[in-house]
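Here the structure is laid out as structure tokens; the discussion comes afterwards.
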Amino acid sequence: MGRLASSVGGACDSRIQGCVPGEAEPPTPEPLEVEVGGTALLKCGPSHSPGNFSHVDWFSVHKEKPTLIFRVRKGQGQSEPGEYQHRLSLLDRGTTLALAHVTPHDERVFLCQGKRPQSQEHRIQLHVYKAPEEPTIQVNPLGISVNSEEPEEVATCVGRNGYPVPQVIWYKNGRPLKEEKKRVHIQSSQIVESSGLYTLQSVLKAQLVKEDKDAQFYCELNYRLPSGNHMKESREVVVPVFYPAEKVWLEVEPVGVLKEGDRVEIRCLADGNPPPHFTISKQADALAVSPDVSDVRVSPAAPESREGGSLALTCEAESNRALEFQWLREKTGQVLEKGPVLRLHNLQRDAGGGYRCVASVPSVPGLNRTQLVRVAIFGSPWMTSKERKMWVKENTVLNLSCEASGHPRPSISWSVDGTAHEQDQDPQSVLSVLNVLVTPELLETGAECVASNFLGRNTTTIFLELDSNRTTGLSTSTVSPYTRANSTSTEKKLPEPESKGVAIVAVTVCVLVLAVLGAVLYFFYKKGKLPCGRSGKQEITLPPSRKSEFVVEVKSDKLPEEMGLLQGSTGDKRAPGDQGEKYIDLRH
């Protein structure tokens, strides 16, 4: 044990028997590399060295203190109580001691000592390795100002559960960073976990400039395994860099010539970060080609003239491009004039109404605006119709209508009582609808519509006549005005009722029947069997075999004026009480 003490500690320990102070240092231990979790094969001497390993003691040396952990006697091994009691086993006929489930705490010197045939020892330095986890990186969320006078924190890199402590290298845009006074500072620290593994934390601090606004930073961990050197990289990050604006500019989409009504996006941009607060204001120079709707003007705005007079209408508009003007008639769309001025001469009543000025920009197709103006011609009311006749039924509720135009706009009144409603057709025309019940008095008097303004008055008379073919009962009908006409226009006659035609057919049939009977009577008269007379009844003598067979009665239900067609050629009048009946007695 004296050589053991001197070889392990380099100094004599009085507790070890045979310790000789001042003995020389032992040779360098044999290195052995194992990853965490693996099995370390501890050989008692080189594989080629001869020796008897039937009597060997194994020691672990921690903090220069050897501790017996395993005994080999006659080729049989036995663990000593302690931290290695359950992880050691003997291999290769006692020449190799296997240490299973290696941890970072096992990184120490292991020593074997043989007793027979002579004392010998062999030292092994166990080196333990563990690759760290993938490094994580966290960028400074608050960003860095270029006006800072000291290096500011850029990002933090963390590598967990490695052994031994890995080396960290920082990169910017793919180039490694080195410590630089007042420019770059790297501060690293490590934490020992309960497992014996290390967690590395490295903080990069730097003084950045405007050009670093898009710079990409990442960290790299370098470590060693029994298989060689390795490295792992973090993801790349960009730190917010704040700097004042040096330039400000505008962008407009779409580019090119714009016309009114287009959708335009105006963006104000600057090279500062964070973006400054922007205010966009409109200058005198227009961004778009117009005319504006509000800038198309016609003068006079409300033109008026008497019949036979003249008017000049002028159109104006504003634009930053050359303009063209056209005048159109509103109701027909006819082009009346090309140019800003429209002159109207010898104005008549039908010249009143709308005129439209169209202002356009020839250099920008589709860009045009219009303005409508209404010309009013002074005149007394102008009625749609002078007279109307309509067939009605007594107790029918009617909507009588009356339309008039003029300037100034006329007012309408009715000669009969009822409920009237007015609605404007245009600024110079009005339509009045009267709701009225047909009574005998209304049938007798009819209804008169009166339109008036300060220049005069005009009327339309509506005559009502009973229609006998219509069913009785309360109903409603509407009388609409005819096509517009002046005050001297004549009214079209309404068709006669269908019942008149039926009466004419009936009268014709009766005349034919009477003609046949007249021929028969004339025949008997010539034979001398028919006496002459003007009595309402006459007898005709027949052969005895035909006497009393039948009586023919001709009876008419025609109106008195129709019965005139049935009177004889002598023009005889009927006596009072005569009902238009004739009897022919054929019994004699």
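The backbone N, Cα and C atoms fix where each Cβ goes, and this holds for glycine too.
Database features, via TrEMBL:
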type	residues	note
COMPBIAS	475-489	compositional bias 'Polar residues'
COMPBIAS	571-588	compositional bias 'Basic and acidic residues'
DOMAIN	135-238	domain 'Ig-like'
DOMAIN	291-374	domain 'Ig-like'
DOMAIN	381-467	domain 'Ig-like'
REGION	475-494	region 'Disordered'
REGION	561-588	region 'Disordered'
TRANSMEM	502-525	transmembrane segment
Overall pLDDT for the domain 'Ig-like' (381-467), taken as the rounded mean: 90
DSSP residue counts for the domain 'Ig-like' (291-374), split into helix, strand and coil: 6 helix, 41 strand, 37 coil
Helix, strand and coil residues within the domain 'Ig-like' (135-238) as assigned by DSSP: 5 helix, 61 strand, 38 coil
Residues of the domain 'Ig-like' (381-467) by DSSP state, where helix covers H, G and I: 6 helix, 59 strand, 22 coil
